[in-house]
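Q: Quick one: the structure is below, questions incoming.
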Amino acid sequence: MRRVVRQSKFRHVFGQAVKNDQCYDDIRVSRVTWDSSFCAVNPRFVAIIIEASGGGAFLVLPLHKTGRIDKSYPTVCGHTGPVLDIDWCPHNDQVIASGSEDCTVMVWQIPENGLTLSLTEPVVILEGHSKRVGIVAWHPTARNVLLSAGCDNAIIIWNVGTGEALINLDDMHSDMIYNVSWNRNGSLICTASKDKKVRVIDPRKQEIVAEKEKAHEGARPMRAIFLADGNVFTTGFSRMSERQLALWNPKNMQEPIALHEMDTSNGVLLPFYDPDTSIIYLCGKGDSSIRYFEITDESPYVHYLNTFSSKEPQRGMGYMPKRGLDVNKCEIARFFKLHERKCEPIIMTVPRKSDLFQDDLYPDTAGPEAALEAEEWFEGKNADPVLISLKHGYIPGKNRDLKVVKKNILDSKPTANKKCDLISAPKKTPDTATK
């Protein structure tokens, strides 16, 4: 019997690194030992964590600023310890959050055309962790909601618009948190931890909805991310130190839906997921390749597609949101690969003969509009991402400035404190928040 090849429009996806003059050169990429991706990208800017003496800094470059980056190029440098993680706000392309060894989270507003002077003053400093903050992740659909996780094994969810920590999950993890992922509508999070457990958590009810002990038996770091259908995808290591990937249904975590062994490299596999095409790209830290898989409803559920290989190992990786891609070239993913001294874009393309818009490759995708205000989400509301069509390309709109209005903690005090009331900022309505 002839083996029938599985039908998939993504079988021939291929990766290509851009030419040298389209790379960002002479960048001293951070050497801090931490397994985050060190790079964050959106349709306007690429941000890269860099070596900084006496503190922590990251570069923010307009996408078109390719070529050699001058040593004197301005940085974002308000942290007093190394920066460990950065994340662009999905609802405002000029707002970025950073977590650092100095135990703080800072949220920054980048000028529309990029930096002309180094930025030392964040819009807001979020203080609440007692140890270094290694993870920051914005809520996918609610405006100004930011999650941070630290080496104090605590997860804090902030309302950035008021600078308040509104949820503190400090008793759920007994060991270091490797990563945290929101689900598609931001009602749940999943975490991978050093205690080898994968947990699915309802942050507003502050309860663990599902957990799996020893999701991967090996001692090296794991990763867990939510897929659009609610399943959880994990990467980790077997007892024999082989790299593994697995797919789980949170309603029944006893056995994985699928479990695949990969190879014996020791770099942590960072998963990047595209909900529109159901493709997962795995980038191993220290690897020189990107492997990609398609997730489907048919066995074996996780289908290997191909590998993009290069000569140089990657120190980190940025992943462009769908609205930043060139739809006319059938580009379905763009990575920003960090080398020791440069950042190299890698473009993933589906070969098509026609120049017309390929609507099967580009279903409506998450746009920059927030579906909920922070207050609505904290009160219990959920909403799916607001989708946009990419048929005529994505035209970035104007972003409103991020305004942080510190809640007036004296409001609840007796009237004797009126004099102090005048000193602290007045409350504002939520419409001053970012778009």
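Quick reminder: no glycine exception, Cβ is built from N, Cα and C everywhere.
Those TrEMBL annotations? Automatic predictions, nothing curated.
Below, the features straight out of TrEMBL:
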- 3-67: domain 'DUF1899' (DOMAIN)
- 76-118: repeat 'WD' (REPEAT)
- 126-168: repeat 'WD' (REPEAT)
- 170-211: repeat 'WD' (REPEAT)
Q: Report, as numbers and ranges, which residues of the same chain sit near the repeat 'WD' (126-168): CB under 8 Å and 6 or more residues beyond its ends.
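A: Counting only partners 6 or more residues beyond its ends, the repeat 'WD' (126-168) has Cβ contacts under 8 Å with 34, 36, 81, 84-91, 97-107, 174-177, 179-182, 184-186, 189, 191, 201, 203-204, 206, 366, 370-378, 382-386, 402-407, 430, 432-435.
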Q: Taking DSSP states H, G and I as helix and E and B as strand, how many residues of the domain 'DUF1899' (3-67) are helix, strand and coil?
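A: For that range the per-state counts are 3 helix, 24 strand, 38 coil.
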Q: Mean pLDDT for the repeat 'WD' (126-168), as a whole number?
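A: Its mean pLDDT is 97.
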